[in-house]
């Protein structure tokens, strides 16, 4: 077999890479990070939270009254195992049934599961009640044999997670349940609306970061760490170590530490002495590992001099205790207080237990060491925006913090109940003790409103954590499930956190971010990125101890200054002598899945550190592993080979084998062919861009001269870097750096970058089919395109976004041409004949909801057809279309302000109703009218009951929206435009074959925007329409314009897509040739019918009597400050007076000529008076804006007299 054949067979082709990507998406959905995180919460975290607070103890001390039964008792309640069942609902009559998601949506219920916990109570008696507290011996008096299962609340369930009814259900069964098989889940249903939890980005805890402070600050450098326990509360204790700047009086730069609960900064030498490291030499050893590093030792000089006075552990503790929050206590207590703070609050992530002072001292020394390295300029200060130092809190951690808070609240209530029972000698009932609605309502409140945390302290909570799931287009739904948010103030003009960072490569989409104030703060995950759910660190620590880790207690820095420090989740565990071997071993264990695949192993050779992370919220992405075993004959090639790809393809369609045995994505990971790397570990590896590049580089290493034949049309590729000797990983495909919406863009690599960002925003507003079950859903609003088409120019990624199955647009024939001038400034001309044949026609659904509410115990509202004789306050729309039950029949045509749900509420007997009420009027009208601007046909009426068993209706209305002048359209390249004119078929230009374009856009839209991909897409679509194959417009592939042109030429067309066209009016040949071809266009949701608005007269605000604002309230158009300034600059004073006064809030005021204040006037009787002046004759009439009159009267109420004096103009 010659070398050529071998090479051909072995190098992975692009096609093979896509096979691997397909296997990835077959195994996991696009909402996987949401589902994994929620499953971890339900299966592990919830039980851990219960175990953390598992015992309630109440001691009842003997009263020493000598009476019988006067003994010291201890009551204990234990929480044990928790149980979560499938989602259920309790009807108003008390029956319990299984709940399905569709039912929850339609009946406005919450899709949640009941949570039970084993509770066990125990009463113990002290053997002798005269012993001091804390030394009693307890004898069990009574104990429950069996723990009782108690209902403690309902947990909302994420759709398609392990506990959801739809989990593992086949497509045909989904149809029976009225669910769409394309729906990915990953959201909750709260009160009938779909809520998604947006991932919250935060800085990682437990990592040391060093920053340089700007010039005027008294601090030169600061090292900070925010500690949090590995699991347990989010109570973060932060600590800083500051290197003071050189000031004039004392030239030395001292180092101080900020300790929690201590008011002033403490010199670090004192902190070391308080931790029990007393001699100067020992302190220096903790900080400076190399005794010959005189520069660093010199930096420490001022610190040691500063703390020279304090030479003893107790004195150091006292020094710290004196600066604590407690004052005027005994020395004994101060020492205890300082000791407790050092034990529990200083670096709590290392441990909060007794006897670990050595570890804390070493860690403190490490922090100072890091800071001094920066100060000596041997190391760069840290980068705040490094993505490896960020964590994403998904549904799991967010719900966990909420659940922990609510569970504690509930146990406090149980404790109070227990106290009450013990005091009053009542029987203690576990079911009564637990208030189950604390957890139920707490979780529901946070998910429903997005205010994360306690309902009572809603000001301090995070807002917008949960949002209503965007159901406009299928792609917008997917994108919403993968969105992340950075909670820093939107108004801050900080540019740094918003910028794209190198470490974002492959983790978040570079194009998909909103424009405006949230730009760069709201991000979207890339297609293949994965968020770690967290795994316990104990097994790794155990393994390290077996593999020769020297603990800090035995570590002598001066003896081995070159040992590598080992950190696990930010905790310095010890040092190791052979880091290379250790790293290699850990990696091979991870590739065999002996330790979790999401653990990251970062070996920093220069700083001599090995950092391991197992925590939740790190963002990782998969990469091919390159074989780097020195003994292997395939060194420098990918571990994954053709036979693996072959096996993937074979097993893909085999349904007869068990899913566990199938060779899929998981098998690739467990066979060590692919591994997940996070942003931190990515910096320690070398990644080739594609298997071809890897192969080219390998041949270069082997000494083959690769002669490139120069093709001028070929895509320019950088030559392989001769200095790279070994690659460790290889990208699966560079197209995977994009997110959901950017993956829909054809050739995004040929566009100017902001254009891709604009399209990513507009793709969310395109009409299409958002789900296949839209007929059975009652969404508030929905737009469905009549004839959606799959695009002719597709990307490979669309396969996984189901864009072919649920597209959002149509392939229109587009000519780029100036024609008549009705397509200037981004407007487009559309062919009326195409519109009449159904191009871009869409249907619009809107749902109106109402229910009979209870008012008090007995009285309730009622659906009926209101009658004018017995009902007050009836609306002015027509009630004729209602049936007797107060609802409208499906199929009825309705227009603005018709009543579609008739409902009345009883009037209490004592209400006067502004004197309109007579004996007959017993009810008032609370009906729902159609929106004033809409019209259509009633599509569906649903009558059901809600949770309380009250009658509840939803009425869905539909109307057809036909494209018309003013509607907005866009191609997939940020080229948006509105229809400027529709021409009849006979007025449009036509080509030699008689092809008439559907859309004509202006050539001026192309040059300045540089959307070359728009033109390439048009050309490629033309080829694929002629050849009958989909055109592949995936980014970063070798498709060139030249290749497409050749194909177009072979079909007998001009190679660049130009065609001769004839003028529609005259039939003459157009002078220039016209670029003509199919382009995929999207109809956006901004329709002129929903925006058109004008007003002559209408409602005014009560307070200022100026017109109200807003189209829905029939408001006026604001004539603002800038408009006013223009009129002033033109000198049009009468126009100004008319706009701002006559047409707004003109008002007639009578003013007393003596005092200049507003007088009492009765226009009917023609009598005026000013009582303070006893004036009845001398008045002036003034016209004022009502707002000015209001201002004057408000000033009068504050004892300021605005006096209006008038002149008589003869």
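Each Cβ is built from the backbone N, Cα and C atoms, and glycine gets one as well.
In the shown protein chains, 16 other C-beta atoms lie within 10 A of the C-beta of residue 826 (Mg(2+) binding site). As annotated by Swiss-Prot, Mg(2+) binding site applies to 826, with the evidence given as similarity to another entry.
According to Swiss-Prot, the Zn(2+) binding site annotation covers 1152, 1155, 1170, 1173. All protein chains considered, the CB of residue 1152 (Zn(2+) binding site) has 23 other CB atoms within 10 Å.
Sequence-distant contacts of the zinc finger (1152-1173) (same chain, six or more residues past either end, CB-CB distance under 8 Å): 1179-1180, 1189, 1192-1193, 1196, 1201, 1203-1206. Summarising the annotation, Swiss-Prot assigns zinc finger to 1152-1173.
Here the zinc finger (1152-1173) returns a mean pLDDT of 94 for the predicted model.
Over all protein chains present, the Cβ of residue 1173 (Zn(2+) binding site) has 15 other Cβ atoms lying within 10 Å. Comparing Cβ neighbour counts within 10 Å across the binding-site residues 1155, 1170, the minimum falls on 1155. Taken residue by residue, the zinc finger (1152-1173) breaks down under DSSP into 3 helix, 9 strand, 10 coil. Across the structure, residue 1152 (Zn(2+) binding site) and residue 826 (Mg(2+) binding site) place their CA atoms 59 angstrom apart. Residue 826 (Mg(2+) binding site) and residue 1155 (Zn(2+) binding site) have their C-alpha atoms 61 Å apart, to the nearest angstrom.
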